[in-house]
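Enquirer: Can you keep this structure in mind? I'll have questions shortly.
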Amino acid sequence: MIRYLNDITSDVDSTSVSGYQLRRLAGPVHILGGGGPDVDEAIQWMINQVRGGANSENKVNVVIIRASGNDDYNRLIYAMKGVKYVETLIIPNRQDANRIDVFDKVRNADVIFFAGGDQCQYIRNWKNTKLEVAVKSVYDKGGGIGGTSAGAMIQSEYVYDSCACIDSIETREVLEDPYRNITFTYNFLQWQHLRRTVIDTHFDTRKRMGRVMAFIARQIQDGVAKSALGIAISEETSIAIDKYGRAKVMGRGAAYFVLGDHLPEICRPGEPLTYYDYKIWRVPRGESFDLVNLPNRGYYYRSVERGRFSSDPY
């Protein structure tokens, strides 16, 4: 494990018992970033929600978790209002993810943020470890759990883990065969307001609508769920989810919420996908979406027939 503690706050003892007191945390809340430049507004929102509001005098401890990289987030987040200290933990293997000092540092946090990277590496190294237990404890005490790119994708109940391929599968390939080199991870993290979801990122620039549609179809066809909701986030865009399950879009672009609520017409290995009538809500910046009670209006229908869209899905 590599530890980066912001030198501005080097006098703060991040392992102190007081850090694990049940603070006046007002969550739990999430932010999900679509990749590219981060949305500072969303990170500040999460911090404010956890500490009790923008005008609260409470300050929070923030831990950044990643498998490789550097401490780029430290100064950015420490400069935000209401932050007591920031620490980056680089945890590249299961041995480090099971260290007791890692467990203590993470559970002492009030806000956790997963940086972008490789979701397969995250799953293989962090699932069923002390690190996962510690992250869940932060959520349970009303903290904030966020992430961007792969760090956002691992927050869904059904995680496209990218472990069966060298390069990420994209729309054309997955619509032609929704099984080839496509695997999912289950029973990791499991947040209340992200049940029955599959999250995808870099959505606009990589044209991933077909990808998320296939991921949804797979959950239903494979008997994992009777319905599944895709949460697809554009780059430079974040979704901020409050403790009531209301999701607000922040940043540059839009988010798409894609619902599959019936068995696919055709979803078999080696065959193009056919699925009629996905419901799609396009939610632009500044607008919100209720994850607890899905809206009964505001959506449009799109279908996939033999691996081809019925019309422009965006």
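Cβ atoms here come from the backbone N, Cα and C positions, even for glycine.
OK, TrEMBL features for this one:
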- Ser149: active site, charge relay system (ACT_SITE)
- His202: active site, charge relay system (ACT_SITE)
- Glu235: active site, charge relay system (ACT_SITE)
Enquirer: Where Ser149 (active site, charge relay system) and Glu235 (active site, charge relay system) are concerned, what is their Cα separation in Å, rounded?
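Expert: Distance (Cα to Cα, whole Å): 9 Å.
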Enquirer: Any same-chain residues 6+ apart from Glu235 (active site, charge relay system) with CB under 8 Å of its CB? Would you list them in sequence order, or say none?
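Expert: Those within reach of Glu235 (active site, charge relay system), by Cβ under 8 Å and sequence separation of 6 or more, are Gly34, Gly35, Gly36, Pro37, Thr201, His202, Phe203, Asp204, Thr205, Arg252, Gly253.
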Enquirer: Check the active-site residues Ser149, His202 for other C-beta atoms within 10 angstroms of each C-beta and report the one with the most.
Expert: Ser149
